[in-house]
Structures are given as structure tokens and as C-alpha cells.
Amino acid sequence: MRFVKGHGTENDFVILPDPDGALDLPATLVAALCDRRAGIGADGVLHVVPAKLSAEATEIRARGGYTGDAEWFMDYRNADGGAVEMCGNGLRVFARYLVEAGLADPGEFDVVTRAGVRRVRMEPDGRVTVGMGRPRVVGESWATVAGTRYPGLVVDMGNPHVACVTGEPVARFDLGPQPGFDPAVFPTGVNVEMINSVGDRRVVMRVHERGCGETRSCGTGAVASAVAAAHAAGETTGVWTVEVLGGLLTVTLADDTSHLTGPAVLVASGDYPAATLT
Ligand SMILES: N[C@@H](CCC[C@H](N)C(=O)O)C(=O)O
């Protein structure tokens, strides 16, 4: 099985090209690929499949989940094998792959995700921008880290986030263990961001991702963090810099949409031997 490995601010992915829509991808195989010792190692898998050949994309379209003629479906899986709605960094890496493989023209194009169609733009400076849609502030909740409960904003980015702005330095947190959260608010789990405001529209963010554990970056989480910091400052729009363990992301909040800009690179390619398939 051919694969490409890539990352966006060190949120890393195994990319699986599937031009014929023929790949069966059970959760056990995704988890084996993402295993950092026995597999290739990644935070998630980006299954690259033509939208018209994907039964799931066809079903999403049929129920009104998207319109238009986007050619490719990003079938995103967390490292535990779970299929979830959206991945901001993953989409930037997905776009980089399509362009480098000659499957999309550099410039702007649409990609289908489980959260709907997202527009990507290859920037002249080499970064990639994703239209992330309108962040929905759903209410307030909390996350518990090392026995302490932190209040947080519930932000729906297509996927669920609880974004906790705190005065406690986030560098001190151990986000490896699963933080506590309210299962009544998040019945399918949640991505937890711990955030420090460190300057003019600048935040430092650490994240524990649903289905992965602590990662070095999270694109949807970066937008949720900017939304939470803006909310705390009484703002709703503006350009925010989000420092993550793996680098810097730029989040642009507008009245009815948001954008995420950052690096996206491909670092390796190869064959995953059939003998190791489980
Ligand atoms: N790393 C991603 C988010 C991936 C999905 C997330 N773990 C979830 O379960 O919702 C990003 O860059 O947005």
C-alpha cells in the first residue's frame, strides 16, 4: 500500500492515495499505520479519494451536506481509527499532497470533508490557507487537568472543542492523560485546548486531541483557541497568532467565517507492506 507522510506544524499524517476508491480502511489498520513504534507513526490518516467514488461523500451530498463540484473527499481518521468530521491541519497537508501529486492546480480549490466543503488556497510564500467556516460558540463547559477543573468555551468547528483560557502557564500542563470533560455536553468526546493569552492577539495553545492524545498542533483547535481568547477580550474578529508546540499558525476571524494559515509539508513516501496488514 502506497503512502506519503506529511505534517502541518508537526501535526502529522499518513496520506493514503486511493484514486480508484478501492481502499478498505478498517479502524484496526488506521491504528496500526499510526502506531509510533510498530507502524509509520502519525496523529491521523488522510484517505485521499475522489468524491464521486466515495460512498460516504455521495451520502453526505445526498443529505445536503455539500453542493458543487469539489473533486476530492478528505476521509480523515484519528490515530485510534475513528472517522471524524474535520481536521484543519490535515486539510492543509491534504491540499499540499494534491498539488504536489499533480491532482489539483496550485491556486484555490474545494475539498469535501464530513463537515462540508472547505476551500483551500496555496499561498505564494508556501503556506496553505483553509477556509474553516463559521466557528459556532455553543456555550460554556469545563475540562479537568491533573485534578483541577478549568472553565472553557464550547466551540463547534465541525468537530467539538472546549477551549480553556487560563492564567496558569500552559507549558506546565501534562496533556498526555485524557482530560476530564462533561459527557453530557460532549457525548462523542472532545478536543481540549489550554490557552494563555500572551500579547496583542497572540496565544500559546496546548491540546489533547480526541482519538489521538496530546499533539503538537491542531488546526481546528487553533481556531477555537483564537475564538476563546477573542471572546475573553470582548472581540469577535481579527488576526490571531497561535503558538503551538510545532510552530506558528495564523487565524483570521471574520464575522461569519474563519481562516487558518500555516505550513504544510510532505516529508516521505513509501510502501506499507501487505504482510503487516492486520
Ligand atoms: N488535528 C486536527 C483535528 C483532528 C480531529 C480531532 N482529533 C477530532 O477528533 O475532532 C486539526 O488540525 O484540526
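Just so it is clear, glycine is given a Cβ too, placed from its N, Cα and C backbone atoms.
Note that TrEMBL annotation is computational and uncurated.
Copied from TrEMBL, the annotated features are:
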ACT_SITE  Cys87  active site, proton donor
ACT_SITE  Cys87  active site
ACT_SITE  Cys218  active site, proton acceptor
BINDING   Asn11, Asn78, Gly88, Asn89, Asn159, Asn191, Glu209, Arg210, Gly219, Thr220  substrate binding site
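All features noted in TrEMBL, drawn onto the structure.
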residue : record                       : CB count, 10 Å
Asn11   : substrate binding site       : 33
Cys87   : active site, proton donor    : 32
Gly88   : substrate binding site       : 29
Asn159  : substrate binding site       : 26
Glu209  : substrate binding site       : 27
Cys218  : active site, proton acceptor : 36
Gly219  : substrate binding site       : 29
Cβ within 8 Å of the substrate site centroid (Asn11, Asn78, Gly88, Asn89, Asn159, Asn191, Glu209, Arg210, Gly219, Thr220 excluded): which residues?
Gly44, Val84, Met86, Cys87, Gly90, Val207, Cys212, Thr215, Cys218, Gly221
What three-state secondary structure does DSSP assign to Glu209 (substrate binding site)?
strand
For Asn159 (substrate binding site) and Cys87 (active site, proton donor), what Cα-Cα distance in Å is obtained after rounding to a whole number?
8
Gly219 (substrate binding site) to Cys87 (active site, proton donor): how many Å between their Cα atoms?
7
Report, in whole Å, the straight Cα-to-Cα distance of Glu209 (substrate binding site) from Cys218 (active site, proton acceptor).
8
Max Cα-Cα distance in Å among Asn11, Asn78, Gly88, Asn89, Asn159, Asn191, Glu209, Arg210, Gly219, Thr220, the residues listed as binding substrate?
16
Where Glu209 (substrate binding site) and Cys87 (active site, proton donor) are concerned, what is their Cα separation in Å, rounded?
11
Separation of alpha carbons, the residue listed as 'active site, proton donor' and Asn11 (substrate binding site) (Å):
10
